[in-house]
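As annotated by Swiss-Prot, active site, nucleophile applies to Cys142, with the evidence given as similarity to another entry. Marked as disulfide bond by Swiss-Prot on the basis of similarity to another entry: Cys387-Cys391. Residues or ranges marked as N-linked glycosylation site by Swiss-Prot: Asn194, Asn258, Asn285, Asn341. According to Swiss-Prot, the signal peptide annotation covers 1-20, on the basis of sequence analysis.
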Amino acid sequence: MLGRSLLTWVLAAAVTCAQAQQVPPWTEDCRKSTYPPSGPTYRGPVPWYTINLDLPPYKRWHELLAHKAPVLRTLVNSISNLVNAFVPSGKIMQMVDEKLPGLIGSIPGPFGEEMRGIADVTGIPLGEIISFNIFYELFTMCTSIITEDGKGHLLHGRNMDFGIFLGWNINNNTWVVTEELKPLTVNLDFQRNNKTVFKATSFAGYVGMLTGFKPGLLSLTLNERFSLNGGYLGILEWMFGKKNAQWVGFITRSVLENSTSYEEAKNILTKTKITAPAYFILGGNQSGEGCVITRERKESLDVYELDPKHGRWYVVQTNYDRWKNTLFLDDRRTPAKKCLNHTTQKNLSFATIYDVLSTKPVLNKLTVFTTLIDVTKDQFESHLRDCPDPCIGW
(Lines of atoms letter the chains of each structure in order from A and count residues from 1; the text may use other names and numbers.)
(Lines give C-alpha, C1' and ligand atoms only; values in the text may rest on other atoms or scores of the structure.)
Protein backbone atom coordinates (compact mmCIF):
# COMPACT_ATOMS: atom_id res chain seq x y z
CA MET A 1 0.00 0.00 0.00
CA LEU A 2 2.78 2.42 0.93
CA GLY A 3 4.72 1.59 -2.22
CA ARG A 4 1.67 2.06 -4.47
CA SER A 5 0.62 5.35 -2.87
CA LEU A 6 4.19 6.61 -3.05
CA LEU A 7 4.45 5.82 -6.76
CA THR A 8 1.11 7.53 -7.42
CA TRP A 9 2.27 10.62 -5.57
CA VAL A 10 5.64 10.80 -7.33
CA LEU A 11 4.03 10.60 -10.78
CA ALA A 12 1.46 13.24 -9.91
CA ALA A 13 3.98 15.50 -8.24
CA ALA A 14 6.35 15.41 -11.19
CA VAL A 15 3.63 16.92 -13.34
CA THR A 16 2.15 19.42 -10.89
CA CYS A 17 5.30 20.70 -9.17
CA ALA A 18 6.88 21.77 -12.44
CA GLN A 19 4.10 24.30 -12.79
CA ALA A 20 3.37 24.94 -9.13
CA GLN A 21 6.73 25.95 -7.66
CA GLN A 22 6.38 29.59 -8.69
CA VAL A 23 2.59 29.86 -8.83
CA PRO A 24 0.10 30.73 -6.04
CA PRO A 25 -1.25 29.12 -3.91
CA TRP A 26 1.89 26.95 -3.80
CA THR A 27 3.94 30.09 -3.31
CA GLU A 28 3.00 33.33 -1.62
CA ASP A 29 4.15 36.84 -0.86
CA CYS A 30 6.75 37.05 1.89
CA ARG A 31 5.03 36.35 5.18
CA LYS A 32 4.84 38.94 7.96
CA SER A 33 3.98 38.82 11.65
CA THR A 34 4.27 35.04 11.99
CA TYR A 35 6.35 35.38 15.17
CA PRO A 36 5.86 34.55 18.02
CA PRO A 37 4.76 31.28 16.40
CA SER A 38 1.01 30.66 16.25
CA GLY A 39 -1.73 29.72 13.84
CA PRO A 40 -2.07 26.84 11.37
CA THR A 41 1.64 26.62 10.45
CA TYR A 42 2.67 26.12 14.10
CA ARG A 43 2.41 22.57 15.46
CA GLY A 44 3.77 23.35 18.93
CA PRO A 45 6.88 23.68 21.09
CA VAL A 46 9.80 21.25 21.12
CA PRO A 47 10.45 19.72 24.57
CA TRP A 48 13.82 20.02 26.31
CA TYR A 49 15.93 17.15 27.67
CA THR A 50 19.36 17.08 29.28
CA ILE A 51 22.03 14.67 28.04
CA ASN A 52 24.63 14.09 30.75
CA LEU A 53 28.02 13.62 29.09
CA ASP A 54 29.49 12.52 32.43
CA LEU A 55 27.48 9.30 32.21
CA PRO A 56 28.90 6.27 30.36
CA PRO A 57 27.85 6.47 26.68
CA TYR A 58 25.63 3.40 27.10
CA LYS A 59 23.44 5.23 29.67
CA ARG A 60 23.29 8.77 28.29
CA TRP A 61 20.06 8.39 26.32
CA HIS A 62 18.15 6.08 28.69
CA GLU A 63 15.98 8.74 30.34
CA LEU A 64 14.98 10.37 27.04
CA LEU A 65 14.30 7.08 25.26
CA ALA A 66 12.22 5.78 28.16
CA HIS A 67 9.78 8.57 27.18
CA LYS A 68 10.16 8.30 23.41
CA ALA A 69 10.46 4.52 22.86
CA PRO A 70 6.85 4.01 21.62
CA VAL A 71 7.04 6.72 18.95
CA LEU A 72 10.53 5.60 17.92
CA ARG A 73 9.20 2.06 17.43
CA THR A 74 6.39 3.45 15.27
CA LEU A 75 8.86 5.27 13.02
CA VAL A 76 11.26 2.33 12.76
CA ASN A 77 8.32 0.09 11.80
CA SER A 78 7.23 2.58 9.12
CA ILE A 79 10.72 2.61 7.63
CA SER A 80 10.79 -1.19 7.66
CA ASN A 81 7.41 -1.29 5.92
CA LEU A 82 8.64 1.13 3.25
CA VAL A 83 11.74 -0.96 2.63
CA ASN A 84 9.67 -4.15 2.42
CA ALA A 85 7.24 -2.46 0.02
CA PHE A 86 10.10 -1.98 -2.45
CA VAL A 87 11.90 -5.25 -1.66
CA PRO A 88 9.05 -7.64 -0.76
CA SER A 89 11.39 -10.55 -0.09
CA GLY A 90 12.34 -8.98 3.23
CA LYS A 91 16.02 -9.60 2.56
CA ILE A 92 17.04 -5.98 3.14
CA MET A 93 15.61 -5.91 6.66
CA GLN A 94 17.00 -9.38 7.29
CA MET A 95 20.45 -8.05 6.41
CA VAL A 96 19.90 -5.04 8.67
CA ASP A 97 19.01 -7.25 11.63
CA GLU A 98 21.70 -9.87 11.03
CA LYS A 99 24.68 -7.98 9.59
CA LEU A 100 24.68 -4.42 10.95
CA PRO A 101 25.08 -5.38 14.64
CA GLY A 102 28.40 -6.98 13.75
CA LEU A 103 29.67 -3.56 12.64
CA ILE A 104 28.93 -1.79 15.93
CA GLY A 105 32.54 -2.19 17.07
CA SER A 106 33.77 -0.19 14.07
CA ILE A 107 31.55 2.81 14.88
CA PRO A 108 33.77 5.36 16.65
CA GLY A 109 33.22 6.13 20.30
CA PRO A 110 31.05 7.19 21.92
CA PHE A 111 28.47 6.67 19.18
CA GLY A 112 28.49 2.87 19.01
CA GLU A 113 27.94 2.43 22.73
CA GLU A 114 25.23 5.09 22.70
CA MET A 115 23.39 3.19 19.96
CA ARG A 116 23.74 -0.04 21.91
CA GLY A 117 22.19 1.63 24.95
CA ILE A 118 19.32 3.01 22.87
CA ALA A 119 18.61 -0.43 21.41
CA ASP A 120 18.52 -2.04 24.84
CA VAL A 121 16.29 0.55 26.51
CA THR A 122 13.78 0.65 23.62
CA GLY A 123 13.78 -3.04 22.75
CA ILE A 124 14.42 -2.17 19.09
CA PRO A 125 16.95 -4.48 17.38
CA LEU A 126 20.44 -2.97 17.30
CA GLY A 127 20.68 -3.32 13.52
CA GLU A 128 17.56 -1.19 13.11
CA ILE A 129 18.94 1.48 15.47
CA ILE A 130 22.12 1.60 13.38
CA SER A 131 20.10 1.85 10.16
CA PHE A 132 17.95 4.57 11.76
CA ASN A 133 21.14 6.58 12.33
CA ILE A 134 22.39 5.94 8.77
CA PHE A 135 18.97 7.06 7.51
CA TYR A 136 19.72 10.68 8.51
CA GLU A 137 22.83 10.73 6.33
CA LEU A 138 20.66 10.39 3.21
CA PHE A 139 17.29 12.17 3.37
CA THR A 140 17.85 15.69 4.77
CA MET A 141 16.22 18.43 2.66
CA CYS A 142 16.70 21.79 4.37
CA THR A 143 17.01 25.56 4.14
CA SER A 144 19.68 27.28 6.24
CA ILE A 145 20.32 31.02 6.60
CA ILE A 146 22.97 33.12 8.33
CA THR A 147 22.52 36.90 8.48
CA GLU A 148 24.55 39.85 9.77
CA ASP A 149 22.99 43.19 10.66
CA GLY A 150 24.61 46.62 10.39
CA LYS A 151 26.15 46.26 13.85
CA GLY A 152 27.85 42.96 13.06
CA HIS A 153 25.33 40.84 14.96
CA LEU A 154 24.76 37.34 13.54
CA LEU A 155 21.59 35.24 13.40
CA HIS A 156 21.23 31.67 12.15
CA GLY A 157 17.98 30.06 11.07
CA ARG A 158 16.98 26.76 9.51
CA ASN A 159 14.03 24.71 8.36
CA MET A 160 14.55 21.00 8.85
CA ASP A 161 12.84 19.31 5.90
CA PHE A 162 12.95 15.55 6.09
CA GLY A 163 11.31 12.44 4.63
CA ILE A 164 11.09 13.02 0.88
CA PHE A 165 9.65 9.98 -0.95
CA LEU A 166 9.26 8.15 2.37
CA GLY A 167 5.58 7.29 2.17
CA TRP A 168 2.77 9.64 1.15
CA ASN A 169 -0.48 9.56 3.14
CA ILE A 170 -3.22 10.14 0.56
CA ASN A 171 -5.83 10.66 3.29
CA ASN A 172 -4.33 13.86 4.71
CA ASN A 173 -1.72 14.85 2.10
CA THR A 174 1.34 14.45 4.30
CA TRP A 175 4.60 12.54 4.22
CA VAL A 176 4.34 9.56 6.58
CA VAL A 177 7.88 9.75 7.95
CA THR A 178 7.82 13.56 8.24
CA GLU A 179 4.75 13.40 10.45
CA GLU A 180 6.16 10.59 12.58
CA LEU A 181 9.36 12.57 13.17
CA LYS A 182 7.52 15.47 14.79
CA PRO A 183 6.77 13.70 18.11
CA LEU A 184 10.39 12.48 18.10
CA THR A 185 11.79 16.01 17.79
CA VAL A 186 13.64 17.11 20.93
CA ASN A 187 15.77 19.99 22.15
CA LEU A 188 18.92 18.67 23.82
CA ASP A 189 21.12 20.37 26.40
CA PHE A 190 24.41 18.45 26.45
CA GLN A 191 26.06 19.02 29.82
CA ARG A 192 29.32 18.16 31.52
CA ASN A 193 29.83 18.92 35.23
CA ASN A 194 26.28 20.36 35.22
CA LYS A 195 27.29 23.03 32.68
CA THR A 196 26.08 23.32 29.09
CA VAL A 197 28.61 22.23 26.48
CA PHE A 198 26.29 22.68 23.50
CA LYS A 199 22.60 22.63 22.60
CA ALA A 200 20.90 20.98 19.64
CA THR A 201 17.57 20.06 18.11
CA SER A 202 17.45 16.46 16.98
CA PHE A 203 15.36 13.29 16.80
CA ALA A 204 15.20 10.86 19.71
CA GLY A 205 17.24 7.79 18.81
CA TYR A 206 19.71 9.65 16.59
CA VAL A 207 23.15 10.16 18.15
CA GLY A 208 24.60 12.45 15.49
CA MET A 209 23.57 16.10 15.23
CA LEU A 210 22.20 18.18 12.35
CA THR A 211 21.31 21.47 14.10
CA GLY A 212 23.02 23.04 17.11
CA PHE A 213 25.10 25.73 18.73
CA LYS A 214 27.86 26.23 21.27
CA PRO A 215 26.82 29.20 23.45
CA GLY A 216 28.86 32.30 22.80
CA LEU A 217 31.00 30.61 20.17
CA LEU A 218 29.41 29.07 17.07
CA SER A 219 26.30 27.69 15.37
CA LEU A 220 26.15 24.83 12.88
CA THR A 221 23.53 23.26 10.63
CA LEU A 222 23.90 20.45 8.12
CA ASN A 223 22.12 20.19 4.75
CA GLU A 224 22.24 17.23 2.39
CA ARG A 225 24.09 17.67 -0.90
CA PHE A 226 23.05 15.58 -3.88
CA SER A 227 25.97 14.11 -5.82
CA LEU A 228 26.70 11.12 -8.05
CA ASN A 229 29.49 10.32 -5.60
CA GLY A 230 26.83 10.28 -2.93
CA GLY A 231 26.11 9.12 0.56
CA TYR A 232 25.02 5.65 -0.51
CA LEU A 233 28.54 4.97 -1.78
CA GLY A 234 30.10 6.25 1.42
CA ILE A 235 27.84 4.12 3.59
CA LEU A 236 28.51 1.03 1.45
CA GLU A 237 32.25 1.63 1.67
CA TRP A 238 31.95 1.89 5.45
CA MET A 239 29.89 -1.30 5.65
CA PHE A 240 32.47 -3.20 3.59
CA GLY A 241 35.39 -2.17 5.75
CA LYS A 242 36.64 1.22 4.55
CA LYS A 243 36.48 3.26 7.75
CA ASN A 244 38.61 6.32 6.93
CA ALA A 245 35.67 8.75 6.68
CA GLN A 246 33.38 10.20 9.36
CA TRP A 247 29.59 10.12 9.29
CA VAL A 248 28.40 13.67 8.73
CA GLY A 249 26.15 13.68 11.79
CA PHE A 250 29.04 12.51 13.94
CA ILE A 251 31.44 15.21 12.75
CA THR A 252 28.75 17.85 13.33
CA ARG A 253 28.27 16.67 16.90
CA SER A 254 32.04 16.48 17.46
CA VAL A 255 32.51 20.07 16.29
CA LEU A 256 29.69 21.28 18.53
CA GLU A 257 31.14 19.45 21.51
CA ASN A 258 34.85 20.03 21.07
CA SER A 259 35.69 23.00 18.84
CA THR A 260 37.05 26.06 20.61
CA SER A 261 36.72 28.63 17.81
CA TYR A 262 34.95 29.38 14.54
CA GLU A 263 38.20 29.00 12.59
CA GLU A 264 38.97 25.63 14.16
CA ALA A 265 35.48 24.39 13.34
CA LYS A 266 35.76 25.65 9.76
CA ASN A 267 39.09 23.89 9.32
CA ILE A 268 37.69 20.56 10.57
CA LEU A 269 34.55 20.77 8.45
CA THR A 270 36.57 21.71 5.37
CA LYS A 271 39.25 19.02 5.57
CA THR A 272 37.83 15.90 7.25
CA LYS A 273 36.82 13.01 4.96
CA ILE A 274 33.10 12.29 5.30
CA THR A 275 30.77 9.48 4.25
CA ALA A 276 28.27 11.67 2.38
CA PRO A 277 28.44 14.93 0.41
CA ALA A 278 27.06 17.78 2.50
CA TYR A 279 26.72 21.48 3.12
CA PHE A 280 27.95 22.70 6.49
CA ILE A 281 26.45 26.07 7.39
CA LEU A 282 28.68 27.52 10.10
CA GLY A 283 28.23 30.72 12.09
CA GLY A 284 30.50 32.38 14.63
CA ASN A 285 30.28 35.29 17.06
CA GLN A 286 31.95 38.13 15.16
CA SER A 287 31.35 40.14 12.00
CA GLY A 288 32.01 38.09 8.87
CA GLU A 289 31.96 34.75 10.69
CA GLY A 290 29.39 32.93 8.63
CA CYS A 291 29.91 30.53 5.74
CA VAL A 292 28.57 27.67 3.64
CA ILE A 293 31.09 24.86 3.15
CA THR A 294 30.27 22.76 0.08
CA ARG A 295 31.67 19.26 0.51
CA GLU A 296 32.34 16.22 -1.58
CA ARG A 297 33.17 13.17 0.47
CA LYS A 298 36.93 13.64 0.24
CA GLU A 299 37.39 17.35 -0.40
CA SER A 300 35.90 20.80 -0.05
CA LEU A 301 34.65 22.44 -3.25
CA ASP A 302 33.79 25.89 -1.95
CA VAL A 303 33.69 28.06 1.17
CA TYR A 304 31.25 30.93 0.65
CA GLU A 305 31.49 33.50 3.44
CA LEU A 306 29.65 36.53 4.66
CA ASP A 307 31.23 39.73 3.35
CA PRO A 308 29.21 42.63 4.78
CA LYS A 309 31.73 45.26 3.64
CA HIS A 310 30.88 44.32 0.06
CA GLY A 311 27.13 43.92 0.57
CA ARG A 312 26.93 40.19 1.32
CA TRP A 313 25.04 40.34 4.61
CA TYR A 314 23.45 36.90 4.32
CA VAL A 315 24.13 33.42 3.00
CA VAL A 316 21.34 31.02 2.05
CA GLN A 317 21.78 27.30 1.46
CA THR A 318 19.20 24.74 0.38
CA ASN A 319 20.30 21.49 -1.31
CA TYR A 320 22.01 22.74 -4.47
CA ASP A 321 25.45 24.17 -5.17
CA ARG A 322 25.24 27.96 -5.12
CA TRP A 323 26.86 28.28 -8.56
CA LYS A 324 24.27 26.01 -10.17
CA ASN A 325 20.59 26.45 -10.88
CA THR A 326 18.23 24.69 -8.52
CA LEU A 327 16.07 21.85 -9.79
CA PHE A 328 12.99 23.49 -11.31
CA LEU A 329 10.79 21.28 -9.13
CA ASP A 330 12.49 22.47 -5.96
CA ASP A 331 13.46 26.13 -5.77
CA ARG A 332 13.48 27.27 -2.14
CA ARG A 333 16.59 29.37 -2.66
CA THR A 334 14.94 32.08 -4.78
CA PRO A 335 12.00 32.83 -2.43
CA ALA A 336 14.29 32.76 0.62
CA LYS A 337 16.64 35.32 -0.93
CA LYS A 338 13.73 37.38 -2.19
CA CYS A 339 12.23 37.58 1.29
CA LEU A 340 15.57 38.42 2.91
CA ASN A 341 16.08 41.24 0.42
CA HIS A 342 12.54 42.40 1.16
CA THR A 343 13.30 42.32 4.89
CA THR A 344 16.48 44.44 4.48
CA GLN A 345 19.56 44.28 6.67
CA LYS A 346 18.32 46.86 9.17
CA ASN A 347 15.24 44.79 10.11
CA LEU A 348 16.90 41.48 10.94
CA SER A 349 15.55 39.68 14.01
CA PHE A 350 14.24 36.29 15.09
CA ALA A 351 10.81 37.51 13.97
CA THR A 352 11.82 38.42 10.42
CA ILE A 353 13.96 35.29 9.96
CA TYR A 354 10.99 33.21 11.11
CA ASP A 355 8.83 35.08 8.56
CA VAL A 356 11.24 34.07 5.77
CA LEU A 357 11.24 30.44 6.91
CA SER A 358 7.41 30.50 7.10
CA THR A 359 6.94 31.55 3.47
CA LYS A 360 5.93 28.84 0.98
CA PRO A 361 7.73 26.96 -0.56
CA VAL A 362 10.54 27.55 1.97
CA LEU A 363 7.94 26.09 4.33
CA ASN A 364 6.54 22.93 2.75
CA LYS A 365 5.12 19.48 3.49
CA LEU A 366 8.57 18.16 4.45
CA THR A 367 9.21 20.80 7.11
CA VAL A 368 9.49 19.19 10.54
CA PHE A 369 10.76 22.14 12.57
CA THR A 370 12.21 25.65 12.37
CA THR A 371 15.22 26.66 14.48
CA LEU A 372 16.43 30.16 15.34
CA ILE A 373 19.89 30.75 16.86
CA ASP A 374 21.58 33.81 18.35
CA VAL A 375 25.05 32.71 19.47
CA THR A 376 26.10 35.86 21.30
CA LYS A 377 22.84 36.20 23.23
CA ASP A 378 22.69 32.45 24.02
CA GLN A 379 19.26 32.14 22.40
CA PHE A 380 18.23 28.88 20.79
CA GLU A 381 14.66 27.91 19.99
CA SER A 382 12.92 25.39 17.77
CA HIS A 383 9.27 25.12 16.75
CA LEU A 384 7.35 22.24 15.20
CA ARG A 385 5.73 23.21 11.91
CA ASP A 386 2.77 22.35 9.71
CA CYS A 387 2.05 23.40 6.15
CA PRO A 388 -1.71 23.15 5.61
CA ASP A 389 -3.09 22.75 2.11
CA PRO A 390 -2.55 24.19 -0.37
CA CYS A 391 1.12 23.42 0.20
CA ILE A 392 3.81 22.01 -2.06
CA GLY A 393 5.15 18.53 -1.27
CA TRP A 394 8.77 19.81 -1.02
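Residue numbers in this text run from 1 along the chain shown.
Even glycines carry a Cβ here, placed using N, Cα and C.
The shortest Cα-Cα distance from Cys142 (active site, nucleophile) to any of the recorded positions (Asn194, Asn258, Asn285, Cys387) is found for Cys387. In this structure the C-alpha atoms belonging to Asn285 (N-linked glycosylation site) and Asn258 (N-linked glycosylation site) are separated by 16 Å. Take the recorded positions Cys142, Cys387, Cys391: by the count of other Cβ atoms within 10 Å of each Cβ, the lowest one is Cys391.
Across the structure, Asn341 (N-linked glycosylation site) and Cys387 (disulfide bond) are spaced 23 Å apart at their Cα atoms. The local packing around Asn194 (N-linked glycosylation site), expressed as other Cβ atoms within 10 Å of its Cβ over all shown chains, amounts to 8.
Candidates Asn194, Cys387, Cys391 (recorded positions) were compared with Asn258 (N-linked glycosylation site); none lies inside 10 Å Cα-Cα. Cα to Cα, Cys387 (disulfide bond) and Asn194 (N-linked glycosylation site) are separated by 38 Å. Across the glycosylation sites listed here (Asn258, Asn285, Asn341), the residue whose Cβ sits among the most other Cβ atoms within 10 Å is Asn285. The secondary structure of the residue listed as 'active site, nucleophile', as reduced to three states from DSSP, is extended strand.
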